[in-house]
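Residues annotated as site 'Transition state stabilizer' in TrEMBL: R26, K33. Taken from TrEMBL, the feature site 'Positions MEP for the nucleophilic attack' covers R174, K227.
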Amino acid sequence: MSDESRPTPAQNPVAAVIPAAGRGVRLGPGAPKALRALNGTPMLIHAVRALAASRHVSLVVVVAPPDGAAEVKSLLDAHALPDRTDFLVVPGGESRQESVRLGLDALPPQYGTVLVHDAARPLVPVDTVDAVIEAVRDGAPAVVPALPLADTVKEVEPATVAGAPEPVVATPERARLRAVQTPQGFDRETLLRAHETVTGDVTDDASMVEQLGLTVVAVPGHEEAFKVTRPLDLVLAEAVLARRRLNDGF
Ligand code: CTP
Ligand code: MG
């Protein structure tokens, strides 16, 4: 797109949808994952602050656990958040995909660029958020932050009994693989069309855009954008916060 025809940031404000309606089964028993504390502050609040830290993001839509919208609203009221950002809370659904769609349904029309960000990635740095936004504004219909893999990855024939040996069927070339994070960024119309068209199960939003036949691009992700999934991830997240506090002190 030429510079003259590209909308200015003010003409194309960015909204972030934060799906936070999951139970967090892999984290073990307790409150819904997004409401659990990291260093005394709910994970969701860390995630909301991380997205609202971008000066381009003017609306954050939080998709709450289905029966937890009132609780999430009071959490947002109780924590300091930037004044220049608007916040909406909607109840979520059974699957991540459904939760994201419920968030998109709540979006006012003026937002041409939409980020979708897991509440379970509370520590994503603002530079990663801004890099995704910039790539969408440069014309990509869908953008994912991604990192090279440390482990070699094998494709297996999954066992029907948990723990049984699984035959390896392929070893993709590691240098061509990326682990994909959030926020994923989209041209709004593209993402809405993807959610209307693609009905199969997916684990991220960009793969729905791939199924439309459009090109998704990857930009560099960040190791601190990891997803809190299992109990050890809570330990890592608190260690990252402790390191940030130390660094802020100097
Ligand atoms: N999510 C959601 N609605 C659902 C399921 C998931 O909004 N019905 C959100 C989660 O809250 C999380 C993000 O999608 O922020 C990524 O999902 P995941 O890490 O799998 O979280 P959970 O589904 O909560 O965890 P688990 O799969 O272990 O239950
Ligand atoms: Mg899940």
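Cβ coordinates are placed from backbone N, Cα and C, and glycine is handled just like the others.
Locations of recorded TrEMBL features on the structure.
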residue : record                                           : CB count, 10 Å
R26     : site 'Transition state stabilizer'               : 12
K33     : site 'Transition state stabilizer'               : 25
R174    : site 'Positions MEP for the nucleophilic attack' : 12
K227    : site 'Positions MEP for the nucleophilic attack' : 14
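Candidate recorded sites: R26, K33, K227. Nearest to R174 (site 'Positions MEP for the nucleophilic attack') by Cα distance: K227.
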